Amino acid sequence: MTPLDLWLSRSIPMCLLLQSLVLMVLCFPSASTCPKGCTCQRSESPPHGLNVTCSLSRLKEIPPDVPPDTQLLQLDRNHISLVPDRIFHGLRMLRRLNLSHNAVETLGEGAFIGLEGSLEVLDLSYNRITSVHKDAFARLKARVVVDNNPWHCDCALQQALGGMAHNHERVLCRSSELRDQEGQPFMAVDADLCNLAKRTTDYAMLVTMFGWFAMVISYVVYYVRQNQEDARRHLEYLKSLPSKPKKPDEPEDISTVV
């Protein structure tokens with residue numbers, strides 16, 4: 001066997017082994033790619049993304065190292081209280097996101113940036129959400145589940161949910177801009193809460209302006225009366241002065257003829 005044949009006989013198996021290792025790295029996630037406390041499994045159905053399950057893992061925050069090819073992310077039943085802006089940016093394949101049974105209290109404008117084109121289901125039920133930014137769900141095509149939260153029904157919530165086609169009859173108003181709507185379903189709020197807030201602001205401005213106007217009028221009245229009182233006292237003082245006696249040869253009227 002020539003040296004060339006010997007080299008080829010050894011190099012070809014090595015090349016095949018190297019190719020196999022590369023394919024395994026590309027096609028199957030290694031243990032280091034899965035967030036701590038979670039399990040990752042490759043989906044058998046197209047597009048063969050990852051199913052990442054972090055349920056009941058006592059997480060206090062959303063893992064920042066979720067693999068970019070994740071298509072299902074289960075974060076339910078943890079202690080997550082905050083959804084940072086752009087935390088899911090880069091998860092372009094994510095279809096289902098489960099954040100139910102956590103301690104989230106509010107949602108900012110950029111909480112779900114990057115999921116507009118892929119997300120199909122977003123579950124936020126059984127949290128502590130009272131308020132959201134009016135654009136928190138903007139451009140999302142997903143079915144958003146937000147029931148069983150202590151909502152404060154205001155203009156921002158009406159703007160956030162009003163343009164969505166999904167039914168929110170189970171969203172109850174724990175508190176509301178309208179007192180008679182407290183404890184009622186959000187869908188039963190017929191009033192325009194945004195116009196209500198605007199009218200409330202207008203009324204406050206009118207009351208403030210009326211108060212200032214009343215103060216100015218009161219000052220003017222006080223100033224005029226004070227001047228009248230000073231003038232009256234001055235006139236009484238002048239009247240109290242003794243008159244100058246006339247001289248015998250002084251005429252009654254003095255006229256000047258030009």
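Backbone N, Cα and C define each Cβ position, glycine as well.
The feature domain 'LRRNT' is assigned by Swiss-Prot to 34-68. What Swiss-Prot lists as domain 'LRRCT' is 149-196. The N-linked glycosylation site annotation in Swiss-Prot covers Asn51, Asn98. Residues or ranges marked as repeat 'LRR 1' in Swiss-Prot: 69-90. According to Swiss-Prot, the feature repeat 'LRR 2' maps to 93-114. The repeat 'LRR 3' annotation in Swiss-Prot covers 118-139. The signal peptide annotation in Swiss-Prot covers 1-33. Residues or ranges marked as transmembrane segment in Swiss-Prot (evidence: sequence analysis): 204-224.
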Other parts of the chain folded back onto the repeat 'LRR 1' (69-90), taken as Cβ under 8 Å at six or more residues beyond its ends: 43, 47, 49-62, 96-105, 107-115, 123, 128
Going along the chain, which residues at least six beyond the ends of the domain 'LRRNT' (34-68) come within the CB cut-off of under 8 Å? 28, 74-84, 87-88, 90-93, 95, 98
Per-state residue totals over the domain 'LRRCT' (149-196) - DSSP helix, strand, coil: 18 helix, 9 strand, 21 coil
Distance [Cα-Cα, Å, rounded] between Asn98 (N-linked glycosylation site) and Asn51 (N-linked glycosylation site): 12
Taking DSSP helix as H, G and I and strand as E and B, the repeat 'LRR 1' (69-90) has 0 helix, 5 strand, 17 coil
I'd like the number of other C-beta atoms within 10 A of the C-beta of Asn51 (N-linked glycosylation site), please. 16
Simplified to three states, DSSP reports Asn51 (N-linked glycosylation site) as strand
